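The structure under discussion appears below in the form of structure tokens.
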Amino acid sequence: MPSELEKALSNLIDVYHNYSNIQGNHHALYKNDFKKMVTTECPQFVQNINIENLFRELDINSDNAINFEEFLAMVIKVGVASHKDSHKE
């Protein structure tokens, strides 16, 4: 039986593939699909964020797509912000 962390990791992979597979390339999340993903999957996070700038910031190799490693950088940003918010009184 998978642990809670293993389930969470598997869920991250599934979310990434749900959106990257829209264009048929499970290794690349293109801009329109990235926008759809972040507005659907983390609407609170992107309320005050310029999604175009976020995409450019995450696209470290400048190939106009977000690979899984670049996606994880966003997950870390969201996770850190969410953790910080959870400690606000």
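Note that Cβ sites are derived from N, Cα and C of the backbone, with glycine treated the same way.
Counting same-chain residues at least six beyond the ends of the domain 'EF-hand 1' (13-48), those with a Cβ under 8 angstroms from any Cβ of the stretch are 54-55, 63-68, 71, 74, 78, 81-82. Taken from Swiss-Prot, the feature domain 'EF-hand 1' applies to 13-48.
The feature Zn(2+) binding site is assigned by Swiss-Prot to His17, His27, His83. Under the DSSP three-state reduction, His17 (Zn(2+) binding site) is assigned to helix. Annotation for His17 (Zn(2+) binding site): same-chain Cβ neighbours under 8 Å, separated by at least 6 residues, are His26.
Take the CB of Asp33 (Ca(2+) 1 binding site) and look out to 10 A: across all protein chains shown you find 19 other CB atoms. Under the heading Ca(2+) 1 binding site, Swiss-Prot lists Asp33.
Per Swiss-Prot, S-nitrosocysteine is recorded for Cys42. Classification of Cys42 (S-nitrosocysteine) by DSSP places it in coil, neither helical nor stranded.
Sequence annotations record features per position, and here Swiss-Prot assigns domain 'EF-hand 2' to 46-81. Summarised as a single figure, the pLDDT of the domain 'EF-hand 2' (46-81) averages 94.
Annotation source Swiss-Prot lists Ca(2+) 2 binding site at Asp59, Asn61, Asp63, Glu70, citing sequence analysis. Other C-beta atoms found within 10 angstroms of the C-beta of Asn61 (Ca(2+) 2 binding site) number 10, with every protein chain shown included. DSSP gives Asn61 (Ca(2+) 2 binding site) a coil state; it is part of no helix or strand.
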Worksheet item: Reduced to three states, what secondary structure does DSSP give His83 (Zn(2+) binding site)?
Response: helix
Discussion item. If I take the alpha carbons of His27 (Zn(2+) binding site) and Cys42 (S-nitrosocysteine), what is the distance between them in whole Å?
Written reply: 21
Worksheet, complete the sentence: With the fewest other Cβ atoms within 10 Å, the residue among the binding-site residues Asp59, Asp63, Glu70 is Asp63
